[in-house]
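Quick look at what TrEMBL lists:
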- Lys6, Arg7, Glu8, Met9, Arg10, Arg135, Leu136, Gly137, Arg138, Gly139, Ala140, Gly141, Cys142, Tyr143: ATP binding site (BINDING)
- Glu57: substrate binding site (BINDING)
Amino acid sequence: MDIEAKREMRREILAARRAMPEAERAAAGPAIRDAVAALPELGMGGTVAAYFSVGTEPDTHRLVTTLWKRGTYVLLPVVMPDRSLDWAAYEGPDSLAPAGHGLLEPTGHRYGPDAVRTAAAVICPALAVDRAGRRLGRGAGCYDRALARVGPNTLTLAVIYDTELVASVPAEEHDLAVRAVVTPGRGVVRC
């Protein structure tokens, strides 16, 4: 499928997210937190690379806070000028600062793009994912670059709404698949 198919799918999903009732969006966060926190791959402690959701994305704030409070070393992304992701530790809500595109980024020491190699799981945003794990992101390639760095045993997981688990996602050669998705209503679905 081509680039135009991706653009059209992005437009449709973003419009659907904007039209989603606030109560439905608000209910997503606790369900996502509970499903991901119960994953055996995460256990107690260890390292998880995650992200702090923005706008109409499914809420990950509760998830990040829960993992951090139970002793998981949580890495959050810092977008670099070349759109690669650097990683820094989440050390509570006071450790975040506003960044471009409405993002909140950690302010502490940066560990470099390869920090995800040692993570037990990498939790990434998506607009849609199909049953083969192909994910549609926002188009900058940030997470494709990050996913290329993960270890062979790392669980890669995309967070989406129920309707965004679709039959097929337009994909190009450089697009990297995830191993699972989490939705508020379905919980964790392995690809």
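Every residue gets a Cβ built from N, Cα and C, even glycine.
Because TrEMBL annotations are produced automatically, they should be read as predictions rather than curated entries.
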Structural state of Leu136 (ATP binding site), classified by DSSP into three states: strand
Residue pair Arg10 (ATP binding site), Glu57 (substrate binding site) - Cα distance, angstrom, rounded: 13
Largest separation between Cα atoms (Å) of residues that the record links to ATP, namely Lys6, Arg7, Glu8, Met9, Arg10, Arg135, Leu136, Gly137, Arg138, Gly139, Ala140, Gly141, Cys142, Tyr143: 20
Rounded to the nearest Å - Cα separation of Leu136 (ATP binding site) and the residue listed as 'substrate binding site': 13
Listed binding-site residues (Leu136, Ala140, Cys142), ranked by Cβ neighbours within 10 Å, top entry: Leu136
Binding-site residues (Lys6, Arg10, Arg138), the one with most neighbouring Cβ atoms at 10 Å: Lys6
Sequence-distant neighbours of the residue listed as 'substrate binding site' in its chain (C-beta under 8 A, six or more apart): Arg17, Pro125, Val159
DSSP three-state assignment (helix, strand or coil) for Cys142 (ATP binding site): helix
